Amino acid sequence: MWLVNIWLAQLVLFALSVCGRREIYIVTMEGEPVITYRGGVPGFKATAPISDEKIDTSSEQVLSYAKHLENKHDMLLDLLFDRGTYEKIYSYRHLINGFAAHLSAEQADTLRHVPGVQSVERDWKVRRLTTHTPEFLGLPTGVWPTGGGFDRAGEDIVIGFVDSGIYPHHPSFESQKNDPYGPLPKYRGKCEVDPDTKRDFCNGKIIGAQHFAKAATAAGAFNPAIDFASPMDGDGHGSHTAAIAAGNNGIPVRMHGHEFGKASGMAPRARIAVYKALYRLFGGFIADVVAAIDQAVQDGVDILSLSVGPNSPPATTKTTFLNPFDATLLAAVKAGVFVAQAAGNGGPFPKTMVSYSPWITSVAAAIDDRTYKNHLTLGNGKILPGIGLSPSTHANQTYTLVAANDVLLDASLMKHSSTDCQRPEVLNRNLVEGNVLLCGYSFNFVVGSASVKKVSETAKSLGAVGFVLAVENVSPGTKFDPVPVGLPGIVITDVSKSMDLVDYYNISTPRDWTGRVKSFKARGSIGDGLMPILHKSAPQVALFSARGPNIKDYSFQDADLLKPDILAPGSLIWAAWSPNGTDEANYVGEEFAMISGTSMAAPHIAGIAALLKQKHPSWSPAAIKSALMTTSTKLDRSGRPLQAQQYSETEAMKLAKATPFDYGSGHVNPRAALDPGLVFDAGYEDYLGFLCTTPGIDIHEIRNYTRLPCNTTMGLPSNLNTPSITISHLVKTRTVTRRVTNVAKDEETYVITARMEPAIAIEVNPPAMTLRRGASRTFSVSLTARTVTGSYSFGEVLMKGSRGHKVRMPVVAMGYWR
């Protein structure tokens, strides 16, 4: 036994010393996986099924044995290698016993000699992924089958997009030849004809296409030469959002010879109606946007997806809830149209919401479970992390590093920031060819006049085998997204790591007395950045996602209404792009783009709402919104409370426990939303009551937009029948009421409980109630200020049904003495 221990100790010492370029390896272990384990390990019962039948993976014995296997994988890696020198990506427990890990070649070789390891294989094959959010949200297995499969998911539901138009020739928007779309009499929109090609923009999938630019033209902002006087997408944004919500299923995402997976919209069979009102250089004018919304409702859309909002609270009206934009959307809801709107990208700072009103579903952006990483290995053995969606340089080979400022054709060009590698004509091809080109991250990247795509093109045109973009100076909070490129490339985003690169290069590069390089001695290699890494800490609230509290007026007074409403994926989302698009410099001329923003989160909710509308065609917009909110989750994939990206005291990014001001009710759970049990319904008169009871709103202004007088018994805006409760100024005790309707198939009894942080006492009445199918009941929630903390307290009301339904409602309040 002592010989084994000595052998293991030597092995550990060897393992601790290894470092090198890392790759993905699949390691299989001795010992049966769950599917074939028939017992024999002390303390663990057999898990193999008796015959060829499905295995209950939720059973105690399966969970226990699977955890046992995973622990063995973790223990082996922890014993052999320092944490941080490897990354375990998966544990395989059910069909095979093993794991996948990001390892150096030396670490992989160590594992090959460990007793109990059966095989160690490098993963030469890139793993296929979809746009990924359908899988992340559970749509293919948990939602689409209820609507007839992906080829019927969203059938006959029309989603209207008020955006920058659409690129109709993209495969995400093709009409299926083997299953063509039939006529849809309920939709009455029209299709414009492309003035250049004379081709119709519609094809059955795209059921309507119009553009709105009269206000932009009148303002002198519209330029037909670049903005397209048609529904043609001039910047890519509109095609991207439409594809997220309703793009065809199974569309290969190919760039630079690599397939990143297969894209799909949330409701792949839904119809697309385009209302172009945004343009590449100037955005849009509210007059055009309102016209587009009005036309969409008139045409008969079921859902509106709005990745558009004001840059700040409206200054022309006293309240955020009552302006031409929000009033138009109130009318749209009155017409039965569900509205999803992007919350805004002003986060992580409070009161940055640009979507305010209760009749709108305001969508915050989450990071899903997929990240891309890469690394640069220097000749001195240092491994520098970075990002770069690129292939690797050749295995087991290093290349000479040459800095752009050392290969200039004319040294006087230094003053023109040529080191950012945007102009290949100023660099010496003879010195760059066959080497790795080192470039500097200049201010031009910040303002958008330089791009990683152009760096890649420069390197390729000069015959470089790859490129490195070193970030030596960066403003706090600057966000770097991975960019797909065709040759090996990496961005070193950590300033300290970039300085490590610079120091190594300078030490390794001899110069003459004038500073000219005598010979290039620095060497390095670039890793494979095409393999995504999936992590369990998702979802998280994205740093840029706008935050509450919601505001009711231009002076930023807090509203008695929670915003955002819900959280959905909005970071690094793959979807269709327009080759005409210039909105993202890194994707000019491409058919797909991977971009971030609450603009990407809103169409996720719009598409999921289409699935709910398909299953429950009689549901009101408020009922759909309620189903989405009350079934959402406050936990990440590992079962821990959601976290939100924030700035630390040093303005670096950190994670903090998220609150309803970050995520609203929680992260969307489409499968649960299809069968919510209860809904909090509301209609036009309820929203009118909310307006009439909100202090500071002129009743004449309300009448101006609604054409109705203020005759309401609501009492306070906090009594609006929303699936959340917010009281911004709680003095002593306030009691609010809510009304729920049973939309399940059977009668059900609900037990109602509530909890709140200590500064606020909470009580519900009645503690339980039984509702027949279709019946409605009212309950009350009383909040009492115990102590004044100067900050909001958070809690929830939870309704547990006897048939398994769970209905959750967030509660937010701040106590005052008077």
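Here the Cβ of each residue, glycine as well, is placed from N, Cα and C on the backbone.
Per TrEMBL, the features are:
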- D163: active site, charge relay system (ACT_SITE)
- H237: active site, charge relay system (ACT_SITE)
- S599: active site, charge relay system (ACT_SITE)
- 25-127: domain 'Inhibitor I9' (DOMAIN)
- 154-638: domain 'Peptidase S8/S53' (DOMAIN)
- 719-812: domain 'Subtilisin-like protease fibronectin type-III' (DOMAIN)
- 1-17: signal peptide (SIGNAL)
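Between the CA atoms of H237 (active site, charge relay system) and S599 (active site, charge relay system) there is a gap of 9 Å.
Long-range neighbours of S599 (active site, charge relay system) (same chain, six or more residues apart, CB within less than 8 Å of its CB): H237, H240, T241, S307, A342, N345, G570. Taking Cβ-Cβ distances under 8 Å and a sequence gap of 6 or more within the same chain, the neighbours of D163 (active site, charge relay system) are H237, G238, T241, A242, V274, Y275, K276, A277, L278, S305, S307, V308.
Using a 10 Å Cβ-Cβ cutoff, H237 (active site, charge relay system) registers 27 neighbours. Computed over the domain 'Inhibitor I9' (25-127), the whole-number mean pLDDT of the model equals 79.
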